[in-house]
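What follows is a short report on a single structure.
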Amino acid sequence: MASLFISHTLFPSKSRLFRGLTLYPHRHGFASFTNCSKNNNNLTTPPSQDRDKKLPSSKEKLSFAAATGELFLGIASKLIKNRLNNEDSTSLVFLRPRKRINESEVENNGNNDKERIGLVMKDEIEPEVIWEQRVKDIEAENERRVVTSPGFSFSGGGFLLPYHLGVAQFLIEKGYIQETTPLAGSSAGAIVCAVIASGATMDLALKVAKILADDCRRKGTALRLGAVLRDLLNEYLPPDSHTRCNGRIRVAITQILWRPRGLLVDQFDSREDLINAVITSSFIPGYVAARPAAIFRNRLCLDGGLTFFMPPTSASKTVRVCAFPASRMGVEGIGISPDCNPENRVTGRELFSWAREPADEENFERLFELGYLDAAVWGEQNPVEDIVVDESPLVENVSTT
């Protein structure tokens, strides 16, 4: 759903909110692979029964969605614009310097259980970006190893979800994504990561995406998208999906109080916790639910794309996948995007429109093909034997102090 941030930035409305707002979302470096972008010459509880509640009339619904959406997009457009303008695309180091915060700043509340925050680190390049880990998450990370083959990060994309699924189909089919490949995503990208790690086929995922799109075409998107998405995830994600995702995927979430901070969630206590994280990562007020923010693990949160549009993976290198044309966003260093294919098979304006509301059935399915073909072009420039290091030595994780 973070697609709405980008669409508002590139195709702004006449009304611009928060013109003077100064916030600084996260920047991060990614792997230096051959990129095919033209610029190259990241506990919510919208219960499922919400979808059955009596909703406002169409006029009231549109009014509410417009008010909350415009407010949210005013903030989001400023954040994304700052991120795009400030991002240093030549910085290719994933392990950015981080600094441990004074122990007095670490959340304790008198509890010694493993649920409390055990480590808080500031990004030394951007001190306003905070990385937090629970005690049990730290223990789990210390037992993992860093994979030398690259991970893949999927951007927000709204209803461009089939594009990401098509990209994933190619990457899995050709061996770029294997059972242990680290993944990360925000919004629609987080959904794709959960689907891949859970072991579902991309054909099944596309079928479920079509069900979601059809429901939204018939009944509308505003105020109810989260409930519909929750029902589908509950129905199709396997019971052990959280176990499969633990330590492998990172879901980007934006905590909004007391200041915006990016949170990367890579440990999930249950399937419900995983679903909550994914829906929180997609949370845009007025679209996902009729509330100003989501509550995830007792924190007020919004769409992860505010702070991590394409979050870093746990691998030493990350390939970024963007559902939008990199050239239109003014961002370099994106690996796979609609700019990959020299044939102009779809316009940028069409993509941004289809991100906000699902395309018609034919074009919705066509997005899957477009993603596959764009990934194939990237694959020609980055042969799997050069990218994936089989039986590579694994490097143990160490704490950054």
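Glycine residues also receive a Cβ, built from the backbone N, Cα and C atoms like all the rest.
Note that this is a predicted model, so its numbers are computed, not measured.
As a whole-number mean, the pLDDT of the domain 'PNPLA' (152-317) in this prediction is 93. Marked as domain 'PNPLA' by TrEMBL: 152-317.
Annotation source TrEMBL lists motif 'GXSXG' at 185-189. Outside the motif 'GXSXG' (185-189) by six or more residues, the chain places 1-3, 42, 153-161, 164, 249-252, 281-282, 303-305, 308-311, 321, 323 with a CB less than 8 A from a CB of the stretch.
Every protein chain considered, the tally of other Cβ atoms within 10 Å of the Cβ of Ser187 (active site, nucleophile) stands at 36. Feature annotation from TrEMBL assigns active site, nucleophile to Ser187.
DSSP assigns Asp303 (active site, proton acceptor) to a strand segment in the three-state reduction. Taken from TrEMBL, the feature active site, proton acceptor covers Asp303.
In this structure the alpha carbons, written CA, of Ser187 (active site, nucleophile) and Asp303 (active site, proton acceptor) are 6 Å apart.
Counted with DSSP, the motif 'GXSXG' (185-189) comes out as 2 helix, 1 strand, 2 coil.
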